[in-house]
Amino acid sequence: MAAEASESGPALHELMREAEISLLECKVCFEKFGHRQQRRPRNLSCGHVVCLACVAALAHPRTLALECPFCRRACRGCDTSDCLPVLHLIELLGSALRQSPAAHRAAPSAPGALTCHHTFGGWGTLVNPTGLALCPKTGRVVVVHDGRRRVKIFDSGGGCAHQFGEKGDAAQDIRYPVDVTITNDCHVVVTDAGDRSIKVFDFFGQIKLVIGGQFSLPWGVETTPQNGIVVTDAEAGSLHLLDVDFAEGVLRRTERLQAHLCNPRGVAVSWLTGAIAVLEHPLALGTGVCSTRVKVFSSSMQLVGQVDTFGLSLYFPSKITASAVTFDHQGNVIVADTSGPAILCLGKPEEFPVPKPMVTHGLSHPVALTFTKENSLLVLDTASHSIKVYKVDWG
């Protein structure tokens, strides 16, 4: 019995933490719900729940009209009501939640662990974001999302510095952005699944080049150390290298690096070794279930390592569903897992795989990730419409 109790302790703590993140937090401002007036959970007429402070911020000052930030249904601030189930849950879990900070202080993060130091974005600032990139010169963060202007640029502090890329059907507009990368000379490259093209902008949002008619469904995009562009074609099952004169807005050459890939989506390039990682989404025959597979190629495009959902299940008790891939500064392959959700290190390609969890808390649905020059990890969480900045805690 004592053994069962000791085993259930971590599981119970994990359940409490998950409840606190998923149920007891306002998904607009990310503050914890509580009994204080500004933090009280309020039901909107559509059934979604936000805190009273966000209701006040969203409502028109005279008419009190507002739109639900999640489903856009119209309602009025005066028609909201306390969400009693959430308030009751706070009371039921109150003692355990009050003990949680003390428990965290008693067991601090191990030296070298990644901890979330900063979050920016949020619903309204970002809407269903899909791609993330970091400018190598300015350090600014570029995100593509489903807002009226599809490309949003943030400064290092998380403030919105600029946005462009109108939603529309014109050649220079962006219909459905999937991924984004920044070239070494600060050009913004976006894959647009809406018209199956690749669009190149300067850093101020002026269109420089539209590459259309060559891809069935362009998806992942990344910059190489030589300032080339690699792009996956999910429908054609191929990987391409584009040589572009960005200053003149001219496509010089297109080279197909790989064919016969299975629904390739995410792609990453190691600036240390030149290796290329591709994230595939093969469909299991007869099941309709989509798994994921990470393939790593050398700079000469020789396959040096691969691992799929089944292979990772030999290391972890739960299913791993990779949604994004990148390299760290040491050449390790890093993936985002939406089933966990978590961030995992798979090790170096020649040792593939040596999986190790890096981030296991505080994520909802990570879809993109990248490292800064200072070795901070940026994670794009589409469920919370935000960018989360993780740094190494040396204790």
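Quick reminder: no glycine exception, Cβ is built from N, Cα and C everywhere.
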26-72, 308-354 - the range that Swiss-Prot marks as zinc finger: 26-72
Stretch of maximal Cβ-Cβ contact with the repeat 'NHL 1' (113-157) [cut-off: under 8 Å; candidates 205-245, 248-300, 301-349, 350-393]: 350-393
PLDDT averaged over every residue in the repeat 'NHL 3' (205-245): 96
Tertiary contacts of the repeat 'NHL 6' (350-393) (same chain, 6+ residues out, Cβ under 8 Å): 17, 21-22, 27, 30, 109, 111-134, 136, 139, 141, 143, 145, 154, 158, 179, 296, 304-307, 311-312, 315-316, 323-324, 326-329, 333-334, 336-338, 340-344
Residue numbers, six or more beyond the limits of the repeat 'NHL 2' (161-204), whose CB comes under 8 Å of its CB atoms: 130-138, 140, 142-145, 147-155, 210-213, 215-223, 227, 229, 231, 242, 244, 246-247, 249, 266, 368
Remote residues contacting the repeat 'NHL 3' (205-245) - C-beta distance under 8 A, at least 6 residues beyond either end: 151, 162-165, 171-172, 178-185, 187-193, 195-199, 251-269, 271, 274, 276, 278-279, 281
